[in-house]
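Engineer: Would you mind keeping the following structure in view while I ask a few things?
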Amino acid sequence: MAAAAYVDHFAAECLVSMSSRAVVHEPREGPEPRPEGAAAAAPTLPRVDERRDGKDSASLFVVARILADLNQQAPAPAPAERREGAAARKARTPCRLPPAPPAPPPGPEPASPGQAGAPAAPPSPAWSEPEAALEQEPGPAGSGEPGLRQRGRRGRSRADLESPQRKHKCHYAGCEKVYGKSSHLKAHLRTHTGERPFACSWQECNKKFARSDELARHYRTHTGEKKFSCPICEKRFMRSDHLTKHARRHANFHPGMLQRRGGGSRTGSLSDYSRSDASSPTISPASSP
């Protein structure tokens with residue numbers, strides 16, 4: 001900084017000296033009166049002064065031009081100054097927002113309900129909720145009036161998605177079982193309440209059961225009845241699940257063999273050997289074979 005200030009000061013001195021000496025080169029209007037004693041030396045002195053002044057002014061003029069050219073070239077800014085300048089220009093630059101979308105054209109006016117051949121209603125805008133979207137369906141023939149049906153596209157309840165055959169739900173917390181018959185639901189609810197309404201009527205047997213099929217299986221232990229026979233070896237069993245387990249051990253066994261047999265050798269219903277919550281119709285011990 002000190003060197004630059006010195007150079008500027010020196011250039012200013014040169015320019016001042018050039019401006020002060022410029023009067024010497026201007027022609028004078030008339031000769032000035034000179035003293036009589038200096039008449040002999042007068043012709044030689046002005047020539048020497050003019051030569052010296054010309055050399056000095058020429059050298060000062062060259063130096064001034066060089067310094068002026070140097071001052072016009074600004075020094076390169078430091079990296080930190082460049083970053084600061086870029087940040088300042090970025091801060092001064094106004095933020096440009098994207099252009100706003102054009103407004104939708106106005107739709108046609110809705111026609112009265114009695115007007116025949118009325119144009120369809122314009123589609124709902126993009127920002128409307130899809131749950132409340134209206135779907136058009138053709139009205140009755142000859143009416144000329146479109147029927148509107150409102151249907152939710154997203155939020156559908158679980159009951160709508162379930163099969164209509166399974167509509168009896170368990171109301172206990174944490175239990176999500178659903179049944180197709182109310183009797184099956186009642187039998188399942190006994191697993192929560194602990195109720196056992198089906199008691200064994202055999203002498204000195206006080207066992208009770210929550211389902212009638214369980215009572216029927218138990219009653220066969222008293223009578224010794226074995227109504228389930230194997231279609232291959234004719235071996236008999238009290239329970240159908242015991243028969244199925246035995247029949248699968250045969251090499252030539254096929255599941256259709258148990259389904260074709262009837263009468264006293266039938267396999268029975270699925271509830272006789274399964275642990276499902278479905279309840280079969282009530283069978284009293286007296287009516288069971």
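Backbone N, Cα and C define each Cβ position, glycine as well.
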Engineer: When Swiss-Prot marks a stretch as zinc finger, which of 48-72, 198-222 is it?
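Structural biologist: That would be 198-222, per the zinc finger entry in Swiss-Prot.
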Engineer: Looking at Ser124, Ser280, which residue has the phosphoserine feature per Swiss-Prot?
Structural biologist: Ser280
Engineer: Out of Ser163, Ser284, report back the residue that Swiss-Prot marks as phosphoserine.
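Structural biologist: The phosphoserine feature in Swiss-Prot corresponds to Ser284.
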Engineer: Could you give the number of helix, strand and coil residues in the zinc finger (198-222) as assigned by DSSP?
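Structural biologist: Split by secondary structure, the zinc finger (198-222) comes out as 11 helix, 4 strand, 10 coil.
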